[in-house]
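What follows is a short report on a single structure.
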Amino acid sequence: MTNITLMNQLTPKQIVEKLDQYIIGQTGAKKSVAVALRNRYRRQLMDESIRDEIIPKNILMIGPTGVGKTEIARRIAKIVRAPFSKVEATKFTEVGYVGRDVESMVRDLVEVSVRLVKEEKMQLVRVKAEKNAEKRLIKLLAPSQKKKQTTSQNPLEALFGGMNQPDESPEEEVDQELKNKRSQIEWRLQNGELDDEIVTVEVKEQQNPMLDMMRGAGMDQMNGMQDALSGMFPAKKKKRKVTVREAKKILFEDEASKLIDADELAAEGIHRAEQMGMIFIDEIDKIASKEGGGNAQVSREGVQRDILPIVEGSQISTKYGTVNTEYILFIAAGAFHMSKPSDLIPELQGRFPIRIELDKLTQEDFYKILTEPDNALIKQYKALLKTEGIDLIFTKEAVERIAEIAFQVNQDSDNIGARRLHTILEKLLEDLLFEAPEINMESIKVTENYVNEKLAPIMQNKDLTQFIL
């Protein structure tokens, strides 16, 4: 199912309801994102004459860490399978300096988009690809004698990794004994009897680690060189010994890739990134510049000016082709403790017309976060201990006390929002998680007294609270 179909089925109200399954509160932020998403679908239905005039209304989320800014954007992208990329504004540097180039956020988005499209296309060719992969696997498990004897290799072929070793041609005679053997292997393969057997397969070698390392150091300009070098020579292959189970996956991906048109994949990936893509720029408050800040402030303003043309709409070159950023939805977020949105350059402020202030989490919110979402923390710890054969039970009073402690610690020290619950629960259940394999009990109940016993000594010592919780 494509993302356009998914968006067609989901109204803004339904999108908010889906977000409620994972995120507590922040109704205003959820509504704004849901409307922005629905507007993209509405735009697709318009006449081409007016469609090009309608650009997404970018969103600026303002609120302390841990209240759900990133999670809202991440979940919304998952719900509609839209290309989504998260970047941190502090990782970028002004053009001409060592560091990440702001254009890399668009390249990252296109990579995600192409991967999403490829996954969908692989599902369309799955039946044929699996059949082809199975045939190759059977030939690897029962090779012909003629193929076994062919060991000579051209020296240049050895240098550049060679081409795929051809399977025997359809015209090649296969004796009856080999046919019978392959028939037996096919039956055993389909019944999973050979899944743990070892087989040797040829896989593409990873790209040059030196180029990878240089890219990791922030040299995004190495992308073009890397792609140019990789296109000059055939993909180098190496032999790996893997289980039949792994070989099935490797050969399936290889066969599926052969059935997918690379040009069509790139074109559709770019189109989806342009029309449906979302880029989440976190920590944008850290590049807000204030008067009298010296060289550091000048550099921050330079990053803002580099981001501006991308948000406004510009043509960015990627290895798949040129991307127009005009219709990409940008969601920026920041705590704005030390600065305010008006400290951003006016041109950039104007490109984020929708501003949402997210609420600080209350004690009641903490209680709901612990119990209501589909991926609630308490459910996660229950599932972890269930693997040891232990049923972990939390009383209502215990959960209320955990929520109270989390809220109190956030009030007394740095407010890190819902992330505080991770720290508190890990400290609370530390001994239990350590001793679980040796505990001979079917169930363990966490009560309010247990919570007080484990956390009260730390709560009473303010210095310890700051370091441990």
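Every residue gets a Cβ built from N, Cα and C, even glycine.
As the structure is a computational prediction, the values presented were derived from the model and not from experiment.
The ATP binding site annotation in Swiss-Prot covers Ile24, Gly66, Val67, Gly68, Lys69, Thr70, Glu71, Asp282, Glu347, Arg419.
Locations of recorded Swiss-Prot features on the structure.
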residue	record	Cβ neighbours (10 Å)
Ile24	ATP binding site	21
Val67	ATP binding site	27
Lys69	ATP binding site	25
Glu71	ATP binding site	16
Glu347	ATP binding site	13
Q.
Using DSSP and collapsing to three states, where does Ile24 (ATP binding site) fall: helix, strand or coil?
A. coil
